[in-house]
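Peer 1: First the structure, which I've put down as structure tokens, then a few questions once you've had a look.
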Amino acid sequence: MERSDRRLSIALGIGLAGLVAVPWYRIESGFFALDWVSNFPAGSAEGPALVQAISHGRWTLAIITLIFAAGLAARAFRVSSFRSHLLVAAGAAGIVFLVLQGLAIGFTGWTWTISESLFGALEQGQPSMGAGAGLVALSFILMSSFGLAERGVLRGDAFVISSIALLIFLVSIFVFYPVGSMFIGAFQSFDGSFDPSGFVRNIQDPSIWSLDCVIGGGRCGIAWRTLLLAILAAFGSTMVGLCFALVATRTRFPFKKGLRLLTILPIITPPFVIGLALILLFGRAGVVTQQLSNLFGIEPGRWLYGLTGILIAQVLSFTPISFLVLIGVVEGVSPSMEEASQTLRADRWRTFWKISLPLMKPGLANAFLIGFIESMADFGNPLVLGGSHGVLSTEIFFAVVGSQNDPSRAAVLAIILLFFTLSAFLAQRVWLAGKSFATVTGKGDSGAHIALPRPLSIGIHAVVIPWVLFTLVIYGMIFFGGFVRTWGLDNTLTFEHYRRAFSFTFENGAFAWTGVAWNSFWTTIEIALISAPLTAAVGLLTAYLIVRQRFVGRNVFEFALMMSFAIPGTVIGISYIMAFNLPPLEMTGTALILVACFVFRNMPVGVRGGVAAMSQLDKSLDEASLTLRATSFRTMRKVILPLLRPAIVAALVYSFVRAVTSISAVIFLVSAEYNMATSYIVGLVENGEYGVAVAYSSMLIIVMIVIITFFQLLVGERRLRRENRVATAFVPSATPQEKAAS
Amino acid sequence: MTTHSNGSVVFDNVRKQFGTFTAIHGLSLHIEPGTLVTLLGPSGCGKTTTLRMLAGLEHPTSGRILIGGKDVTMLPANERDVSMVFQSYALFPHMSVLENVVYGLESSKMNKNEARSRAEDGLKQVGLAGYGQRLPAELSGGQQQRVAVARALVLEPQVLLLDEPLSNLDARLRRRVRTEIRELQQRLGFTAVYVTHDQEEALAVSDRIVVMQDGAVAQQGSPRELYEAPASSFIADFIGEANVVPCEVLRSDGGQAIIRVARLEHSVPGRSARPGPAKIAVRPNAITLDAAEAAAFPGSIRHAAYLGDHVEYEVETEAGTLFVVDPAVDRNLTPATNVSIGFHPRGIAIIDN
């Protein structure tokens, strides 16, 4: 029983420190600058909660202190039903009150009129929450969790309960609170009062909903255009992806390994780069355009700038993703099904159409929905190619940064975009759930996939080979483009762009990064290095809870976490601005908001990887560890994590790379101090400095390739072994413990 | 690893529900210290759930569990004085054999040197001294099984839990290992709770057997009691095979009951049989096919299977189809042969009376 006392003491210690030892409110110059130490604890800005409550008349903080004291008092009792109830109640009350008072009292006083009429006007508002508030919130959460643990909830496992509680709390703050704020923001005017007129005006805006292209001669509304684009892009990338998957698994195509390499391209390529390369090829000054103009006298047109160009760029960008999804699906079709079909007198053609393809249907639908969501969320390609024919994600951006500056319009557009992506996500989860025919039967499922019918085989090669060549040309353009002085006008080769971006000098023995790119480059690496381990940790912890623990609402928990995957980056970006610009939480312009954004946007991928890897670990390993007196924390550290090393490395690398290459959310959140590489490049593109932009992009791609290769080599062997097998989600007999069990 | 303190186990009206499904209905059970008790039953009967509740891997919905007289109902698994041998052994594949065995000792905050020497002792006990540096994957199935036992035993738990410990071994090895486990248990004198669905295994190792059915205890007792005096046709059929034949008890008379089966009267052991309709469980080897006595009744062979040391017959009779095991392999009765059926009183038990 002493274990429960010890952990409770730690939780209470944290809370106590939060109340008396650090400033309650946010410090303007940053907590770690430590400027606040000189005025601590008496200063009205720097004081801890206790001082704020006593000498600065902040009675809400006094209430928080009192609630905390109730938890403190519980420590004096022995473990009992009373103590556990008290802890749960104090923790829950504390966190609820903390949140409520934070939301209710803004800079100038009450934010809600109802509280003003209830409690009377406040003489002072309050700044944003700071270190003290954070520690006390943590303490309250732990308090409740430990109380629940003492009551035997979840087999009395304090670590598991606190992890769940903390994750829910963090996801609420960094996913649901911003999205909620955005919804509210749609109904607010600039001063924050309720004003539905902006919402009403925007939701009826014909530029969003117009159906002119169907019934009249004009253009359709932006919502319809985005939807059309997403459907076309999803369809295109699914079809091409299927061709790739078939070629890679069912033919004797000689460069299969090379095809698989394609799948890492979208991860390492900043999302606007394909669009950029297309401009270099087909833009008005593009190579192809100019050649056609010279040879055949075809007038250089602007056809690329608009939905056509975006569509091409998106199909190019998302084909590797759908290839990755479909390769598992195609390989997952049990060969014995096809063999059975053949013994039943069906020829190859009939076997493919009647057996193989229907078995792949759920997988195809899944790939389609992923492509749909990706297209909806894509920001980089529409930004460089869209011109005046924008899509929802870019319109949101221009609604806040452009001359319009209409947050209500941005919120409405974001809500529409969110509606589309969440519908697709729901369709994917609800409609496709349990419909997978990927027949993973484990042992005894040998046999070979039959060859494709000849005409089909020729057909898919006719798609795949040109497409691969096209992709190669595109990437060739990116690398070549950085060495050309002025694209289309002056095609002399030069190192000028690289020198401008990445020069450094030695002067008087001092080393200086003089290139224009270095500043954003190092910021990017720094932020990515901070967020990658956090993302991996949060993702794998979540995976552990989802796979290994049974608790009430587990499905809802998983669903909510995975849902953040379907929230487009632009929506996250705009909602973060709306949520974290004013008390109770103020983070815009800091590195923290970038890190938070990356962690909660990329976490679902860590979760998926972790879930897949953990499902391969026999549950009895954890249970054995528990019955051997280890806590779940020790179990995780000593048993699960070492066995999950490949998944951890994958999550680390992936979240690092994603942090470096993503743009959609980042572009809203960067500041002069913390500018990221991608948003800097987009800035270059907008200024027409294609040379430097392309040079910088290729540099990023090369850095990413180096990093991925490095980690591949580090954990290479196991991954390689897995790739040679028929790679389904579960690989029988590939993991050591299964060998041990057999 | 010689002192295994106390070690009694009590289940007091324990219920376990998973959602709307009730896995265990009000289970009450008392296990004496130092005995090996088997939980036996078909899959889904709740035996593994019972074991896992004892281990702390599941918590009961209501009721109490006591180990060594102490209420552990709400105690998490890692704070209970039990340890468990898993069906899959659950050896940590990334740790050596010795690290596996040391793991539990270090989790209990024992100092490293002592833990190590205890672990080496433990490996010696199961005959694996010198295998400490190997990885589990480098051992045979039987050796892995012994590592799992050693890993559990070095913690000197009050109760050792074994969850189908032999199911991953081949038939030959199974017999040897179960003897080893029984010997180890008797030598060290710890309490053991053993889950299996194999009745032969249960008969071979147990002091007592608890047969479970649909989340409740169907019958408990020593192996001999269960075999010789099954309480229901379920038990009779589960522990050894049995033909269940309807009968009528005519009278009981000094430990013997006179019953009527197929119009003929038999005298069978049955102390408290009440007159009236009942059933008898007849062991397949208690049926003779060449009975000469007056109580013999006619039958006709329907199917015969030669199995080396015995022949299995299905015999059509007016009491229904009987399953017969006949050690006389040379008789070679073919289908449609008429036989004369007799019951051996020692293999008959009155049930459902």
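Any Cβ shown, glycine's included, is placed from N, Cα and C.
A TrEMBL annotation is a machine prediction, not a hand-curated record.
Below are the features listed in TrEMBL for this protein:
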type	residues	note
TRANSMEM	A:7-27	transmembrane segment
TRANSMEM	A:56-74	transmembrane segment
TRANSMEM	A:86-110	transmembrane segment
TRANSMEM	A:130-149	transmembrane segment
TRANSMEM	A:158-179	transmembrane segment
DOMAIN	A:223-428	domain 'ABC transmembrane type-1'
TRANSMEM	A:227-249	transmembrane segment
TRANSMEM	A:303-330	transmembrane segment
TRANSMEM	A:351-373	transmembrane segment
TRANSMEM	A:410-431	transmembrane segment
DOMAIN	A:521-711	domain 'ABC transmembrane type-1'
TRANSMEM	A:527-547	transmembrane segment
TRANSMEM	A:559-579	transmembrane segment
TRANSMEM	A:591-611	transmembrane segment
Peer 1: Do any residues, 6 or more residues outside the transmembrane segment (A:86-110), come within under 8 Å Cβ-to-Cβ of it, and if so which ones?
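Peer 2: Tertiary neighbours of the transmembrane segment (A:86-110) are 8, 60, 63-64, 67-68, 70-71, 73-74, 77, 116, 119, 121-127, 129, 133, 136-137, 139-148, 150-151, 169, 582-585.
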Peer 1: Check the transmembrane segment (A:158-179) against each of A:7-27, A:56-74, A:130-149 and return whichever range has the most CB pairs under 8 Å.
Peer 2: A:130-149
Peer 1: Could you give the residue numbers and ranges of same-chain residues that sit at least 6 residues beyond the transmembrane segment (A:56-74) on either side and whose C-beta is under 8 angstroms from one of its C-beta atoms?
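Peer 2: Distal contacts: 8, 12, 15-16, 19, 24, 44, 47, 49-50, 83, 86-87, 89-91, 93-94, 97-98, 101, 105, 123-124, 126, 136, 139-140, 143, 147.
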Peer 1: Residues sitting near the transmembrane segment (A:130-149): Cβ under 8 Å, six or more positions beyond its termini, same chain?
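Peer 2: Contacts with the transmembrane segment (A:130-149): 4, 7-8, 10-12, 14-19, 22-27, 31, 48-49, 64, 67-68, 71, 74, 83-92, 94-95, 98, 102, 156-158, 161-162, 164-166, 169, 584.
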